[in-house]
Amino acid sequence: QFLKQLGIHPDWQFVDVYGMEPELLSMVPRPVCAVLLLFPITEKYETFRTEEEERIKSKGQDVKSSVYFMKQTINNACGTIGLIHAIANNREKINFETNSSLKKFLEDSLSMTPEERAKYLETYEAIRVTHESSAHEGQTEAPSIDEKVDLHFIALVNVGGHLYELDGRKPFPINHGETSDDSFLEDAIEVCKKFMERDPEELRFNAIALSAA
């Protein structure tokens, strides 16, 4: 519903990933061009995130300039930012309606820094209004913008044959190594498994795939 309201043609759709086993992954329509992971922000995760950031800052990593990345400055908007990351990094594959508000946002913000994109989203009425109306249509009550929420969305995408994790809470994209259009879903799920392994006590994980309709 959210994608439709943002002016994206329904030849791509979000579908549930019911499990990480091969037979359950085989139920996901192909091709898949992005995976969104919902996971809990716990102390274990925050410790890992700090260590990961320090490691990458000291060792460096290869991030292609074509990766579209934005920071998150709006509370409880990680789902919207995950969607923008998923669509923005697949914009060549996606058909936008003529008056698409998301297409305009992406065109306007392509030359901006990740911080400027975040600021622009704060003022971009069309996406904010769509976000709010979609949230009210959901099956669970949407949290208010100020409520403390310990669940977070990130996007996993394939840009130029590399699998990137895009999380607006982090200072930069995370390169998880090589991937391909054919193996992308399986490779992305391997990254999701690492999140789950870091917090084996936790059950609050959910993955959805942006798949061809």
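Placement of Cβ uses the backbone N, Cα and C atoms for every residue, glycine included.
As given in TrEMBL:
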DOMAIN    1-212  domain 'UCH catalytic'
SITE      Q72  site 'Transition state stabilizer'
ACT_SITE  C78  active site, nucleophile
ACT_SITE  H152  active site, proton donor
SITE      D167  site 'Important for enzyme activity'
D167 (site 'Important for enzyme activity') CB neighbourhood, other CB atoms within 10 A: 24
Candidates Q72, C78, D167 (recorded positions) with Cα within 10 Å of H152 (active site, proton donor): C78, D167
Whole-number Å value for how far Q72 (site 'Transition state stabilizer') lies from C78 (active site, nucleophile) (Cα to Cα): 7
Length of the line joining the Cα atoms of D167 (site 'Important for enzyme activity') and Q72 (site 'Transition state stabilizer'), in Å: 8
Spatial neighbours, same chain, of Q72 (site 'Transition state stabilizer') - Cβ under 8 Å, 6+ residues apart: C78, I81, A118, D167, G168, R169
Lowest local Cβ density (other Cβ within 10 Å) among active-site residues: C78, H152: H152
Arithmetic mean of per-residue pLDDT over the domain 'UCH catalytic' (1-212): 91
